Amino acid sequence: LGRCFGARFDPSDAGMLSLQVSCLCGSAPCLLCGCCPSAKNSTVSRLLFTFFLFLGTLVSIIMIIPGVEKELHKLPGFCEGSGSVLGVQTHVNCDSFLGHKAVYRMGFAMAAAFFLFAVIMVCVRSSKDPRAAVQNGFWFFKFLVLVGITVGAFYIPDGAFTSVWFYFGVVGSFLFILIQLVLLIDFAHSWSQVWLRNAGESNAKGWYAALCIVTFVFYATSIAAIVLLYVYYTKPEGCTEGKVLISINLILCFIISAVSILPKIQDAQPHSGLLQASLITLYTVYVTWSALANVPTQTCNPTLLVRNNTGSAMATQPLTTWWDAPSIVGLIIFILCTLFISVRSSDHPQVNKLMLTEESGAGVGGEAAAVESGVHRAYDNEQDGVSYNYTFFHLCLVLAALYIMMTLTNWYRPDESLRVLTSPWTAVWVKICSSWAGLLLYLWTLVAPLVLPDRDFS
């Protein structure tokens, strides 16, 4: 137990130390210390890959800190002052977006590394496949691969890279937002089912009261946020786009809330209700807020001047401030959803089919054997078949890397002169369309049992 907390140990334990070092080149179970609970080998591997993603995210955050951003000048070739964009020679003063370029290259490195792993792991069916050892081990070498790709990414010459990679980030972020919505819908349904089941088994009204209170808090927060969006992101005259987008999402949220409590929906899905609808509504309001924060019209976006300072009135301020509220909330949601992907298989067969995972009860026998042996360790639960699709998991991490890249840069891109970072309408419409797709997806989960009565949606 002392070793788990960094206590000193005797020289006789040198052999154990060498064994622990050798585990860096071995399998994931070796990395667990004796105080760690028994865990599935597949879960430990996913958490370690997620740690790689979070490590790259931390490096990206450090690089956009103003003091560190200035030091990027010292990297050879990173800011040459000239380049070629789409074949046109330009003279570039890249001082204005050194942090932006650094985050893009970190995003490229993480996406490239995870895409490489995704290609290697195609069609792995069980841990008996030799490639499964690469998935679940050799962590030191995989870390070196990530570091090597990262170093190489910073030597990518200026030119069309930033402009082209921006669109890769847009597409990848849109897909990852959809994955977030799938996980959110699954979480909302599971949450409601657990509380209603507890209320039914214990016959306690406290569970129903908690359900009502949480639902009320979600709706109250959503309504207050919508009012603030109208106040700060619209004007009595003008800002038509903002008014329309807020109003459309408000109407759609009202529709899904009303549909969720219809008698026919309740008969088909007794566990559906306002808790799920309130959570989806709150997330939709956040996505709407994030989209309006990218509106390039200064009069309709009060945060645009702070993040895109081109005027002399604020010449003493840094050109770009990345730490705005939508980005911070997006970073928190990114962390939670990525961890959710790593540690949980859904209780719903339909979600498992969509996310290419198995039932959460898989591997119970291995866990029982580990407990009976009295040794807390990771056990192999994939001898008969993988519990998740290796390739799909790495592709999710590719999309996550692109999403965090766009979040940390506020979806900004250099303008045609490559001197000023601007917020394009592309970011606004991608986020708004993702919110619409999420609402339609949740609406489908409600009406699907009625539209397809022969299928099992339990």
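Just so you know, glycine gets a Cβ as well, placed from its N, Cα and C.
Heads up, TrEMBL stuff is auto-annotated, nobody curated it.
Annotated transmembrane segment per TrEMBL: 47-68, 102-124, 136-156, 162-185, 206-232, 244-262, 274-292, 325-343, 387-408, 428-452, in sequence order.
With a cut-off of 8 Å on Cβ pairs spaced 6 or more residues apart, the transmembrane segment (387-408) and the transmembrane segment (428-452) reach fewer than 3 such pairs and are scored as not touching. Distant neighbours of the transmembrane segment (102-124): 49, 52-53, 56, 59-60, 63-64, 69, 72, 131-132, 134-135, 142, 145-146, 149-150, 152-154, 156, 161-162, 165-166, 168-169, 172, 386, 390-391, 394-395, 397-398, 401-402, 404-405, 408-409; these residues of the same chain sit at least 6 beyond its ends, with a Cβ under 8 Å from one of its Cβ atoms. Scored on C-beta pairs under 8 angstroms, the neighbour of the transmembrane segment (428-452) with the top count among 47-68, 136-156, 206-232, 244-262, 325-343 is 244-262.
Sequence-distant contacts of the transmembrane segment (325-343), counting only residues of its own chain at least 6 positions beyond either end whose CB sits under 8 Å from a CB of the stretch, comprise 43, 46-47, 49-50, 53-54, 57, 179-180, 183-184, 187, 286, 289-290, 293, 355, 393, 396-397, 400, 403-404, 407-408, 410.
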